[in-house]
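Copied over from TrEMBL, here are the features:
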{"type": "BINDING", "residues": "B:153, B:179, B:190, B:273, B:397, B:402", "note": "substrate binding site"}
{"type": "ACT_SITE", "residues": "B:190", "note": "active site, nucleophile"}
């Protein structure tokens with residue numbers, strides 16, 4: 001199913017991070033659906049959350065708690081989003097934190113809860129609470145692989161990666177996991193992602209790095225335009241490697257974090273619900289970055305473009321039509337140039353004389369397709385990654401609850 | 001396939017309008033694909049066109065010609081959109097007008113060309129020109145039914161309606177046809193619609209009436225968010241009934257035009273590509289109309305909402321999530337109330353205690369579903385009509401060209 005994606009099982013432990021997973025019976029049988037991630041004392045955390053106004057209860061609680069204290073535990077459940085659950089949902093998320101604080105000997109504010117799954121169902125607090133003692137008892141540094149599996153919902157492939165870099169002669173290790181599948185759109189998605197590293201990064205700097213990295217990675221992917229109530233991405237730095245990140249070594253560190261996040265973000269698209277193609281939409285020659293993004297998103301989200309991609313049909317008129325309806329001011333169609341892969345389709349608004357249907361067909365048959373659009377009105381550019389729209393997207397989303 | 005829609009074949013001729021259809025061999029075998037509509041001398045015309053920057057050649061030509069002269073002929077072909085065809089496409093549209101002007105003894109500016117079908121293919125001008133003499137020879141007042149059929153592309157049901165009203169003791173008759181199916185979105189769609197009437201309406205007044213009517217009808221429907229390069233709606237008034245429309249009788253006349261356009265616009269949604277449900281999204285309590293539209297569109301276009309509708313699954317969390325990601329400022333989720341039909345789901349941000357899954361299931365099983373959203377921040381409202389997202393939508397759009 002997923003496009004050129006296999007479960008990367010070669011994961012490195014991060015000193016100062018221990019994980020446990022188990023089946024708490026929240027929704028799924030025969031697989032883990034609860035993840036407990038413990039951060040060593042003194043770790044710093046940064047996070048970004050969904051911008052959906054109807055954000056889930058755990059998002060509200062995590063955001064509040066992160067502002068109050070240094071997190072010690074991340075508690076993640078799959079199968080129930082605890083969203084659209086009102087006051088009761090908030091109480092449920094807080095009850096989980098309270099129970100874990102008691103069992104784990106920390107303050108409730110030091111717990112960040114996360115949920116993913118069906119919206120609008122009461123969270124089975126008692127099942128989660130009942131699972132906490134054995135979760136705490138089984139925490140281990142080398143449980144990253146199990147963690148990547150435990151947070152999956154409609155994902156078909158686990159998403160994980162480790163990376164090591166040398167900074168000042170010392171090794172820094174980072175490992176990240178993510179889950180995605182549907183409801184993926186810029187500004188976060190039904191997407192949970194946790195990235196931990198053993199470098200020491202002051203919390204404000206970590207948040208700045210995270211915000212910049214997200215702009216280049218997670219906020220450049222889209223599957224169906226539906227943002228979720230629950231999206232969360234957490235960066236945790238335990239400091240155990242002894243390497244301190246500051247202005248002198250930030251660049252190399254940030255690049256490594258970005259590479260890791262790019263892999264995870266693109267992995268989410270490759271495993272988009274029903275995906276058979278991995279599509280890059282590059283918009284160049286825009287007045288500014290926002291404009292490039294707007295056009296890229298319009299093309300990437302067009303159901304007509306996405307179904308044509310699914311059919312490997314070089315129906316480039318649909319790409320043109322999507323560019324044309326992008327909400328940007330006064331687009332001059334006679335400045336627009338369009339390529340499919342390396343094949344020129346439209347040159348300054350006119351059909352390219354060199355174009356033949358066979359060339360377009362060749363590009364569309366690939367499982368990785370690049371659409372390149374030059375707007376001819378500036379020098380800004382941006383790339384959006386998306387996937388095609390298949391029968392299986394409808395099937396998965398029509399049947400997800402049943 | 002179409003939701004509660006049958007081909008309304010009971011059409012009334014309009015004095016001053018003659019029509020001819022035939023198979024010009026543009027794309028389809030065994031069916032007509034060319035429509036010629038003749039307007040009696042002195043008729044007035046109003047039109048609205050797509051706002052897509054990549055508008056098709058015939059749209060550019062029609063817009064120019066309408067500004068220059070009173071139209072005598074509408075020339076419509078199905079199977080080829082003459083869009084994305086650059087200068088060559090413009091020349092092709094003009095060549096058709098020139099040939100018809102010669103054969104029909106009028107100025108080329110008195111012809112409005114329209115095309116619908118595949119984008120990016122050269123228009124077979126010679127086939128259209130060759131068909132003109134027999135089209136002109138077979139013009140008749142009672143060919144409306146054939147006209148409705150000739151403009152269809154992926155439509156499964158013809159869309160047409162006639163209406164008669166009495167104004168000052170005299171009869172006014174109007175007949176309209178439309179084609180739609182995919183690429184339907186506010187601000188016009190791959191939508192062609194022609195409405196003629198025998199009242200006498202001065203061109204400026206007719207344009208004003210058209211603009212107001214479109215706001216309440218065609219611009220309230222959406223199927224997949226993709227606007228087309230070719231959308232056009234024309235209102236023609238022949239004046240042959242002798243009834244003159246002015247300030248004294250405008251209201252009743254405009255209401256009748258609006259009713260007719262509402263029928264045609266909703267018929268397009270009912271026959272949306274792959275549609276199995278007709279969905280009304282009513283947004284109330286908005287600050288202004290635009291805001292109500294923005295929220296209604298976000299819900300109506302959400303692939304996750306649309307696939308849940310297809311599955312008759314009361315997965316109302318997806319509706320909530322779509323409301324929450326609507327691009328409006330500072331939405332207070334604790335002011336939002338949500339109904340499915342008459343069933344209360346969410347009251348001021350909290351799950352309604354009266355709600356049970358069976359009630360939601362009952363509403364979702366209907367083939368006409370109403371979603372009602374009260375934002376609790378003003379008194380403006382708007383309704384958007386859409387359809388669900390089915391396997392067949394993907395099938396039709398993946399296979400359309402092959």
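Just so it is clear, glycine is given a Cβ too, placed from its N, Cα and C backbone atoms.
TrEMBL: automatically predicted annotations, no manual curation.
Just so it is clear, the model here is predicted, and its values are computed rather than measured.
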Quick note, binding-site residues B:153, B:179, B:273 vs chain A, Cβ pairs under 8 Å, ordered by sequence, gives none
Three-state secondary structure, residue B:179 (substrate binding site) (per DSSP): strand
Cβ atoms near residue B:273 (substrate binding site) (within 10 Å, other residues, all chains): 28
Mind checking which of B:153, B:179, B:397 has the fewest other CB atoms within 10 A of its CB? They're the binding-site residues. B:153
